[in-house]
Amino acid sequence: MNRNTRPDRNVGIDILRGVSILAVILLHLNLRLDFKQTLLGAALPRQWFSLFFWSGFHGVALFFVISGYLITHSALKKWGSLPSVSPRQFYLYRFARIMPLLGLLLLVLAVLHLLQVPNFRINPEKVSLGRAVFAALTFHFNWLEIQVGYLPGNWDVLWSLSIEETFYLFFPLVCLLARKEWHFVAIVSVFFLISPWARTALYPDNELGDRNHLAYIDAIAMGCLAALVARRITIPQKWLNTLMVIGWGLLIFVFFFKRTVFQLGLTKNGLYITLLALGGALVLLWMHHRHADGKQKRLPGLNWLAHLGQYSYEIYLTHMFVVVLITYVYQRFEVTGSGIYLLFLVGIGLSYLLGSLVANYFSDPVNSRLRKKWISRERTGEAEPSSKTNDSLQT
């Protein structure tokens, strides 16, 4: 079944993911094309320009919150409680979802590097191809970049995936360690203290130091707690609406009022990500209940954002191919003025098209085949969790 037609999809979460991936695409395009050259770009007030074109990092942080929520929600739906999570099954499902596309991406990037294609070749004075591939496959690409600096754009996006993968590695182990769900809450809550410190003080003199694994566990943990609260606590509608307003308010504050956030010291002490994560978690909690109560409706004009969100993983890993192509056209033909509008629109459209094609003709078929194969091998008469349940909540 196509992702677009699944009846159990939470459209609100798809839109939130769409906002996040759009922020990433706009950032990467603007770094190379400079939207300020256009009439609209020059006319936009600083806050609005920053919102549209300098929010990619915030988008990634919001992805972490959504990931924590979706993984925990899916685990509770499959196994009933967190201590009941099967590490083996969890790892198999995550492998089937994440590794095929990652493996394909690394293969393509390795070939392009060996062919010496500009913008894809890794500087051997920084790091070897083998070392980069090893780091990507062993969940520490972010640490590699902290050590050697930025790598080509298609490689650079792997820093956040390493943090996601490490979360997947430890999530079922923490669930086992926590004999009760409140133990899980206590364990992950520790990172509300650790992560702000890790973002600011662990590597204070390194511009990529805030990409370390500890720096965003609080955002992931916030998503996990939102899923637990959504499944375990009944919240009156009036309180849900209040939480929704607070959540959107925090997101708008961190995304839109970046200068104020900085002046208040929230950037310096790392708490701006914590506030963003709290806002995202509250919005997710509200969206969960809207979906569960059957009140959620598709919003006119936002379907395109929902479509972006449905393929956010594939778009995230492949959009830099489009950015490189758009940058080549921009430089080769010396595009200026209104032509930049077209390049941005084409960049967003092609990123969606490439991501959806990869999802529908590679990621989803391989994911489905692997899960069916493993389930058929493991079936011993007990009911197995449905792969379709997780497919509707893929991160």
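Note: Cβ is positioned from N, Cα and C throughout, glycine not excepted.
Features reported for this protein in TrEMBL:
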- 11-354: domain 'Acyltransferase 3' (DOMAIN)
- 51-71: transmembrane segment (TRANSMEM)
- 91-115: transmembrane segment (TRANSMEM)
- 157-177: transmembrane segment (TRANSMEM)
- 184-202: transmembrane segment (TRANSMEM)
- 214-230: transmembrane segment (TRANSMEM)
- 239-257: transmembrane segment (TRANSMEM)
- 269-287: transmembrane segment (TRANSMEM)
- 308-328: transmembrane segment (TRANSMEM)
- 340-362: transmembrane segment (TRANSMEM)
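Looking only at the domain 'Acyltransferase 3' (11-354), the predicted model's pLDDT averages out at 96. Within its own chain, the transmembrane segment (308-328) has Cβ neighbours under 8 Å at 3-4, 9, 13-22, 24-25, 28-29, 32-33, 63, 97-98, 101-102, 105, 119-120, 153-154, 156-157, 161, 343, 346-347, 350-352, 354-356, 358-359, 363, 394-395, counting only residues six or more beyond its boundaries. No contact links the transmembrane segment (91-115) to the transmembrane segment (51-71), because fewer than 3 Cβ pairs that are 6 or more residues apart lie under 8 A.
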